[in-house]
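Inspection log for the structure reproduced underneath, given as structure tokens.
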Amino acid sequence: MQEWFQNLFAATLGLGDLGITVGLVVSVIVKIVIILIPLILTVAYLTYFERKVIGFMQLRVGPNVTGPWGLIQPFADVFKLLFKEVTRPRLSNKALFYIGPIMSLAPSFAAWAVIPFNEEWVLTNINIGLLYILMITSLSVYGVIIAGWASNSKYSFLGAMRASAQSISYEIAMSAALVCVVMVSGSMNFSDIVAAQAKGIAGGSVFSWNWLPLFPIFIVYLISAVAETNRAPFDVAEGESEIVAGHHVEYSGFAFALFFLAEYIFMILISALTSLMFLGGWLSPFPQSWGFIGTPSAFWMFVKMAAVLYWYLWIRATFPRYRYDQIMRLGWKVLIPIGFAYIVVLGVWMISPLNLWK
């Protein structure tokens, strides 16, 4: 695509060297649009799917009025939020009040720059892709803190402090789990990590993917990922029975929609990261001799992402919400020690004769 646009502007339109630069910029913009539009549509229908799944688990119907089987409900919700007035508390900080939602949403979009869907479908294939993801996602905490403080509300500020403390705490356990994957893969490039899972003692089958040899740390990662995104049962930052809606409480209309969009995009991002790091990315679970279903492709990447997203919805519908002190205790006294201990165990394992990743 990049070469096509560069040839278009340089040769066809006669812009010379300037056309090469313009073609590069245009190709990047087109790639960004190709990623963002399906991502936003996915968020819209993820909310629909969530309400349907939870309704089914609770013996309800879920959305079924707007359009056939309620399929237009996400668009109705979007129009409702867009046309609602964005009210602001009189004593709030006006500038920071509107900066908060933007700072929460921007990192969730920027993180997708390094996520590959197969060997070729990636905006930027850099060797420190995992480090970039950890860095860019940690910036969203600033948006939460700013929103809570700028609202000039005790409920908003308490929710922001809870959310930021929880995210920072579980980032440590999550990072420890990802360090284990880097140790066995020898790279922070996502394509290299997927390629490493295609090898191994199990001959590139589903049993050679990182979820099995790193199973204890895989569980630590899954729990930390849910807490990191402030989703149920770790949603004390939005505890309805205690602090109404946390740092969202003073937001309405489009400003609230930005927070909502950021939360669900982070969910999808975590599902993509889980697929790449532990579930073989675009690798097929079937032998390549089986034809199409055995061929590595973006299709399998999307299937695995959907499975992880379903897991998010399943635990929301089945587990009660933890108290805040229980969440922090689980993170600092259970998951973080397990994460660091497994790094040591894995290091010893890799230098022993029983090394599976030679």
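Placement of Cβ uses the backbone N, Cα and C atoms for every residue, glycine included.
The transmembrane segment annotation in Swiss-Prot covers 20-40 (among others).
The transmembrane segment annotation in Swiss-Prot covers 95-115 (among others). Outside the transmembrane segment (95-115) by six or more residues, the chain places 35-36, 39, 88-89, 122-126, 129, 132-133, 136-137, 139-140, 142-144, 146-151, 190, 247, 250-251, 255-256, 258-259, 261-262, 265-266, 269, 272-273, 276 with a CB less than 8 A from a CB of the stretch.
Residues of the same chain lying 6 or more positions beyond the ends of the transmembrane segment (128-148) and with a Cβ under 8 Å from any Cβ of it are 96-97, 99-108, 110-111, 113-115, 156-161, 163-164, 167-168, 171, 175, 178, 182, 188-190, 193, 237, 246-248, 251, 259, 262, 266, 269, 273, 277. The feature transmembrane segment is assigned by Swiss-Prot to 128-148 (among others), with sequence analysis given as support.
The feature transmembrane segment is assigned by Swiss-Prot to 168-188 (among others), with sequence analysis given as support.
Annotation comment: Swiss-Prot describes 206-226 (among others) as transmembrane segment, evidence class sequence analysis.
Residues or ranges marked as transmembrane segment by Swiss-Prot: 253-273 (among others). Using a Cβ-Cβ cut-off under 8 Å and counting only residues 6 or more beyond its ends in the same chain, the transmembrane segment (253-273) has close neighbours at 39-40, 42-43, 46-47, 78, 81-87, 97-98, 101-102, 104-105, 108-109, 111-112, 115, 133, 137, 140, 143, 147, 225, 228-231, 247, 301, 304-306, 308-309, 312.
Summarising the annotation, Swiss-Prot assigns transmembrane segment to 290-310 (among others).
According to Swiss-Prot, the transmembrane segment annotation covers 334-354 (among others), on the basis of sequence analysis.
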